[in-house]
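Undergrad: I have a structure I would like to understand better, so I am pasting it below and will then ask my questions one at a time.
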Ligand code: NAD
């Protein structure tokens, strides 16, 4: 067994920046052909596509709102038509709209639950049949330590990220007999655009609560994804791997 992803085809949602971009490039470095989806940033997505191609792999950048099931089905159909199969899906697209519960409005709740949770249902569902035909696959869903421990001011995000864990374990049980594995990566505090919005005091507090004493980087999350994508994890399903410097242990 090896970590090689040579001959594998992958899709990473929200792959134009941050953790999704790092995952897309890491998968390509390990030999996979990689498609990314993006919501709005066509230029950034095109740059990631070109970086993947420079690594000698096939690449696609597809505009697709992850909440839209019909568009999700089109994306999976295009990949199967053009590349013959889909081996690995990384459900990375996600958003935050933080507020205290007493101040949280319906839109903040609905947007976060819908984007973070329905997107995972959409791609996992759409990929299931092609993966069954191909006699196997690996789904990797990006949750968060906030889905494990909760966080004041992030009840919508915590609920969505905890929901991802429950969904993934159910999916893993339903599809194990088809050799389809499903696992979760739960990052802690990772330096990206998402965490750039946090103020200095909050960031220092997060670092103080992290046993390894520092923020993580997107590549460290991507490394866990490579393991779960590869045959090195062939007996691992329904698992949650925290990449959090020990924050939620
Ligand atoms: P980011 O905001 O930099 O990137 C999120 C990506 O998701 C963007 O490319 C965005 O366009 C895409 N996206 C959002 N809504 C979408 C939609 N409806 N359809 C398609 N794409 C959509 O954030 P990031 O920090 O790179 O986070 C990536 C994932 O990791 C998210 O699921 C996030 O919740 C999770 N996460 C991040 C951290 C962190 O510290 N950065 C910690 C734990 C978990």
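Placed from the backbone N, Cα and C atoms, the Cβ positions cover glycine too.
Heads up, here are the entries from TrEMBL:
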DOMAIN    8-193  domain 'Ketoreductase'
BINDING   14, 15, 16, 17, 92, 157, 158, 159, 160, 161, 190  NADP(+) binding site
COILED    38-72  coiled coil
ACT_SITE  157  active site, proton acceptor
Undergrad: Where ligand 1 binds, which of the binding-site residues 14, 16, 92, 160, 190 are close by, with Cβ under 6 Å?
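TA: Once distances to ligand 1 are taken from each Cβ, 14, 16, 92, 190 fall under 6 Å.
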Undergrad: Let me know the most crowded of the binding-site residues, choosing from 16, 160 and counting other Cβ atoms within 10 Å.
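TA: Buried the deepest by this measure is 160.
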Undergrad: Just to confirm: which same-chain residues, 6+ apart in sequence, have a Cβ under 8 Å from the Cβ of residue 92 (NADP(+) binding site)?
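TA: Set apart from residue 92 (NADP(+) binding site) by at least 6 residues yet with Cβ under 8 Å, we have 12, 13, 14, 15, 19, 20, 23, 142.
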Undergrad: Three-state secondary structure of residue 190 (NADP(+) binding site) from DSSP?
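TA: Assignment for residue 190 (NADP(+) binding site) reads strand.
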Undergrad: Cα-Cα, whole number of Å: residue 190 (NADP(+) binding site) versus residue 157 (active site, proton acceptor)?
TA: 16
Undergrad: For the residue listed as 'active site, proton acceptor', which DSSP three-state class applies?
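TA: Helix, per DSSP.
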